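Below is one structure, written out as structure tokens; the observations come after it.
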Amino acid sequence: MTNHAQTSIYDTLYIVGDVDRVIFMSQDTRFHVLKVLIEKTNTNFKDEAIVTGHFHDITEGESYRFTGKVTEHARFGEQFAAESFKKEVPDTKEGLIQYFSSEKFPGIGLKTAQKIVDTIGTDAISIISKDGKALEKVSGLTKAKRQMITETVQESNASDEAYLMMIRLNIEPSKRSKIIDTYKGDTLNIIQYHPYQLVSDIFGIGFKKADQIAINSGISPDDPERLVAGVMYTLNDEINSVGHTYIEVDTLKAKSLEILNTDKVYFSNEDIIIALETLADNKKIIISKDRVTLPSIYYAEHKSSEKLSNIINYKIDEIDEAQAKISLKKIEKSLSIQYSDKQSQAILNALTEKVSIITGGPGTGKTTIVKGIIALYKEMYDYKDFKEYEIGDYPIKLAAPTGRAAKRMADTSGIDARTIHRLIGWGQDTEADDILDNEIDAELIILDEMSMVDTWLFHQFMQNVMPHTRIVFVGDADQLPSVGPGTVFKDLIESSAIKTAILDTVYRQGEGSSIVKLAYDIANDENMNIETKFKDRVFFRANTNQIADLVDTVVSRAVDKGYDMRDIQVLAPIYRGPAGINILNKLLQGILNPASESKNELEFGDKIFRTGDKVIQLINRTEDNVFNGDSGIISSIHFKDDNNDKDKIVVEFDTGHIAYERKDLTELSHAYCTSIHKAQGSEYPIVIMPIVQSYYHMLMKNIVYTGITRAKESLILCGDPNAFYSAIKREGVERNTMLKEFLSKSFNTFNQEEKEEVLKEDYLTNDMINDEKIDPMIGMGDVSPYEFV
Ligand SMILES: Nc1ncnc2c1ncn2[C@@H]1O[C@H](COP(=O)(O)OP(=O)(O)OP(=O)(O)O)[C@@H](O)[C@H]1O
């Protein structure tokens, strides 16, 4: 170790200088190795030094002040290990003028920069960062420019400090930019004093992580903010991870205490009651009898049921049913089909009822019925051909919760179909308020894949339906419930308030599909031997450790036969372990999109994204019309250079191209193998689905049912037949919901007084829904959903 003659050990060592070159940078941890040309230092380094450390934003050619210590590297010799760094702000008149006229301050030229420095002086940066009004003295600066300069200076100061604090508090590098983007100038304050706020604001930070940050920040475990955050986290978790729309007070108490109490702190039931009262007083939760929920959910369930009941009761001209039956006969002839009685009834319901439901498993004729409904409307109301209408003018609107399902609907019906989000007008630059004013101009709306619609989406949809419009909800009630909270489709059926056609005859069987038969047998709890071989399905025995090899063999063979990555989908229910989604994705990437010189690669965490990769969006990105579960292909990867200020991945989805910066990459994952939840609403020619005992927590009937019904041509099951048999006997957790109750009340007993009682909370508004809504990942068993990204 060098003897630093000029400095005592009590002095802080520093180096001020220009970064000549970034020798190394880890994108993930932002660990840098820099060559710095020294201007000033109290170390023994002379003209230059190698400086190492974690820095969030270093630009070659710019000047920084690094503080830290001198270390000896076994191979590279003496280096300066920086513990903190700060951009060296210019303090000469010329330097400052150059700084203010740089592109950091768009619209500020040399003249204005000079005026700023002349007026405020060479301490301009420190003065502006402390005094938000300092620029008012500078003549000729518009309010907007004053604001822009002040914000830029203050943010840049604050984010340097905040970034350092996040390193000290052990906050993962991938979360740091998101946190700074969210809190801007307030970041330091939040992470140091209110870390529990991160739990509700930052995707990927859970209560445990906030606890760690709080411990590092010296916040006591009995801090009231921790208690309240723990209760709120538990409630949110039950709603977003389990899918309940309310939780019983006693259950919430017990579950909150499980995460709050440690060997260092003890909270009692009474403490939880106090927290609940505080939260209710602050209008963060609603307590109704022995139930607790979020105001947004309560409001969404109540309002949607009320609107639905209004629509059902709104009188429109009745259809001539006898005439409709005659027309339907004509349609059968022209389509060369004979609808069964149930199918015909389902079609007629779409005309005779304001709202009706069609539910049935695969191959029961839902698509065929939708075609019949469209044809009958055309016939009865003399609609012209779809092609003769302007876009969006056709009186029948079709929609589904995912882009894929909507595309399938459009392909099979021959008329336009969209995602429900698009139907209700949610797109780029849409504000929440606009959506709720955006009525859907339609005589009939048909929504498919209804089992995927959650409480929030259902509310938003219902608010936009016009009173005269008829609605047909179509789906398969045996599939997994929605990813978001609620069991909307099941509740609508079970409320008995809506005429429902339950289809139970499979027609596709005639074409020799044993996959559909299997789905049916599972839904109806029939006995079966899953190892019986069929032309279109097979079960290979394998233990957990053999799954990867088996998948490798099957996929390689499919590729040899000419199938490509879009045709083959591996589905698994869990992310970790030797037969988990993560490992299978790595393996499949190697087979289906191997590395090559012509493909760019970008490393992010433990993933390598490569040009040509099949990827999946993990949360809703409504503004770009890309939703949780949509998959696409990486069309290009761009690196930070003269033309790009940031690394970027561009993904081609069915709906268009979307660019992801590094900070957005937590939203993206590989999609060679996806969870069964995420595959809902999509179908694939070949589905490969391992089922092994190590999936124990996720071995459930509706998961297996949903997985196998994604296969259109071939289904390859592999694993342990006993794991399969136990899965199809196990029902998923029943979700607590209020919709059914509200619905039956709306229809039968609700009087005005009761309605007012239910909605006595006058702060319940539509805006709240958008404020509170967070993107959920449901049913992931023992693993926290946040750990997947
Ligand atoms: N009444 C019927 N008579 C003869 N064939 C029928 C009848 N109804 C449906 N089919 C045929 O059965 C097959 C499955 O029907 P369809 O695609 O409409 O079912 P689905 O419920 O939409 O299935 P999935 O949900 O799997 O797409 C189709 O080939 C269709 O032509």
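Each Cβ is built from the backbone N, Cα and C atoms, and glycine gets one as well.
TrEMBL does not curate its annotations; it predicts them automatically.
When secondary structure is read from DSSP and collapsed to three states, T364 (ATP binding site) falls in the coil class. Under the heading ATP binding site, TrEMBL lists G363, T364, G365, K366, T367.
Residues or ranges marked as domain 'ATP-dependent RecD2 DNA helicase OB-fold' by TrEMBL: 14-90. Secondary structure of the domain 'ATP-dependent RecD2 DNA helicase OB-fold' (14-90) per DSSP (helix as H, G, I; strand as E, B; remaining residues coil): 0 helix, 52 strand, 25 coil.
For 158-246, the entry in TrEMBL reads domain 'ATP-dependent RecD2 DNA helicase-like helix-hairpin-helix'. Per-residue pLDDT, averaged along the domain 'ATP-dependent RecD2 DNA helicase-like helix-hairpin-helix' (158-246), amounts to 87 for this model.
Each residue of the domain 'ATP-dependent RecD2 DNA helicase SH3' (584-653) gets a DSSP state, and the totals for helix, strand and coil are 12 helix, 28 strand, 30 coil. The domain 'ATP-dependent RecD2 DNA helicase SH3' annotation in TrEMBL covers 584-653.
The domain 'UvrD-like helicase C-terminal' annotation in TrEMBL covers 670-717.
Looking at 158-246, 584-653, 670-717, the range that has the most CB pairs within less than 8 A of the domain 'ATP-dependent RecD2 DNA helicase OB-fold' (14-90) turns out to be 158-246. Across the domain 'ATP-dependent RecD2 DNA helicase-like helix-hairpin-helix' (158-246), DSSP classifies residues as 66 helix, 0 strand, 23 coil. Neighbour counts of Cβ atoms within 10 Å were compared across the binding-site residues T364, T367; the minimum falls on T367. Spatially close to K366 (ATP binding site) yet at least six residues away along the chain are I358, G360, D448, V474, D476, L503, judged by Cβ distances under 8 angstroms. Within the same chain, residues at least six positions away from G365 (ATP binding site) with a Cβ under 8 Å of its Cβ are Y339, S340, Q343, L503, T505, Y507. Cβ atoms within 8 Å of the centroid of the Cβ atoms of G363, T364, G365, K366, T367 (the ATP site) belong to the same-chain residues G360, P362, T368, I369, L503, Y507, R508, site residues excluded.
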